[in-house]
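The disulfide bond annotation in TrEMBL covers C63-C90. Look at TrEMBL and you will find 63-192 tagged as domain 'CUB'. Look at TrEMBL and you will find 1-32 tagged as signal peptide.
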Amino acid sequence: MFPVRSSVVSDRVRPLAALLVLLVALLPLGCGELGSAREPALIRMEHRDSHQGPSSAASSQLCGGGTLTASHGVIATPNFPGRFPVPISCSWIIDASAIVGANVSIVVYLTQQYVLGGLRFTEYMYYSDDYKVPSMNVYELSEDDVTSVPWLRFNSPYLEVRFTMDSLYGTHLRALDRLLDVYGFNITYEVDAVKSQTCNALHCRFLGNCYAKQDFS
């Protein structure tokens with residue numbers, strides 16, 4: 001075997017590093033927004049940390065996940081709206097790098113959102129198996145957000161949706177004698193402007209379900 005010259009490796013790495021720097025400089029800064037019944041507002045921002053959900057010793061079960069490149073789609077827990085196995089850890093990457101423009105965003109609609117926590121959204125300026133450039137912003141839904149927030153908007157070209165949960169007890173939305181047998185979430189996303197009409201469990205007064213049309217129109 002012949003040793004690889006370090007100068008050759010450096011020559012190959014420099015162009016890629018320069019390309020990443022250029023991409024970060026040209027892309028707009030990520031900005032997440034929560035949609036409310038009154039007006040949009042900036043959602044809480046947390047600095048990215050090492051928290052990744054349940055302990056690795058808990059043998060978390062992976063579900064679904066993968067990279068989503070379509071301009072719209074559905075993200076759901078296994079067996080929705082039935083029970084799902086716990087502990088669980090799911091991750092989806094919405095790749096809108098080929099679609100996002102000056103006035104286009106990744107919008108997540110909380111159409112059927114029954115979990116009270118465990119959902120975390122992380123924006124990335126660049127994302128691949130080899131290189132990841134986070135925007136340093138992490139957004140996590142709180143228990144109050146589940147009933148008051150119908151949609152979230154993100155301006156970065158890549159969005160990671162991560163869901164982790166250790167137990168099904170005390171972690172789901174319940175309303176007296178309603179919503180007693182629903183678990184998880186079935187949310188929709190779209191790479192477009194925010195729609196004027198949205199729907200969530202609160203809008204339905206906990207009496208029905210919210211659905212998106214097949215063509216998302």
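Note: Cβ is positioned from N, Cα and C throughout, glycine not excepted.
Just so you know, TrEMBL annotations are computer predictions that nobody has curated.
On a predicted model such as this, the values are computed, not experimentally measured, just so you know.
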Just give the helix, strand and coil counts over the domain 'CUB' (63-192), going by DSSP. 4 helix, 70 strand, 56 coil
Do you know the mean pLDDT across the domain 'CUB' (63-192)? 88
